[in-house]
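Copied from Swiss-Prot, the annotated features are:
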- 10, 42, 74, 88: substrate binding site (BINDING)
- 10, 11, 18, 89, 90, 91, 99, 124, 125, 126, 127, 128, 129, 130: ATP binding site (BINDING)
- 18: site 'Transition state stabilizer' (SITE)
């Protein structure tokens, strides 16, 4: 175990599916960097700083995990962090085509950067940040899909957003 890996994403918010993949990646790699993207093409509910804080809380028990916000190209962030592996999650066959294209683009931009795909535990295979936000927005209980601190933060965020 000698590799630095990056698990990139928007994490808006971090779900139990994300947390499961982070825990498993932490067992596979010496150091895992959770790269939280400041993706300008998306309009996240949580600020970059809030997302970094929530992921830090959820992963606090993992000594070899570091949480870093970033903007720009993922391959540049990987070089900056001296990472040689990208960890990506595949929930369903529908994720594969996009992830395959992304892996090939990343390989073209940075030939030494390898993509590794992990599938979630069955109980997490349907969870997405988008679905969690939708359930919460309509008053549903999201505690089975996210860490309790995330559920609390999401409820507060949605309450503030209501007119």
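The backbone N, Cα and C atoms fix where each Cβ goes, and this holds for glycine too.
All protein chains considered, the CB of residue 10 (substrate binding site) has 17 other CB atoms within 10 Å. Distance noted between the C-alpha atoms of residue 129 (ATP binding site) and residue 74 (substrate binding site) is 20 Å. Its Cβ taken as reference, residue 42 (substrate binding site) is surrounded by 9 other Cβ atoms within 10 Å in the chains shown.
Counting only the Cα atoms, the space from residue 125 (ATP binding site) to residue 88 (substrate binding site) is about 14 angstrom. Between the listed binding-site residues, namely 18, 74, the fewest other CB atoms within 10 angstroms of a CB are found at 74. Distance noted between the C-alpha atoms of residue 42 (substrate binding site) and residue 127 (ATP binding site) is 19 Å. For the binding-site residues given as 125, 129, the lowest number of other CB atoms within 10 Å of the residue's CB is seen at 125.
With respect to their backbone Cα atoms, residue 74 (substrate binding site) and residue 127 (ATP binding site) stand 24 Å from each other. Note: residue 99 (ATP binding site) has non-local neighbours 88, 90, 115, 117, i.e. same-chain residues 6+ apart with C-beta under 8 A of its own C-beta.
Each of the binding-site residues 90, 127 was assessed for Cβ neighbours inside 10 Å, and the highest tally belongs to 127. On the backbone, the CA of residue 127 (ATP binding site) and the CA of residue 10 (substrate binding site) stand 14 Å apart.
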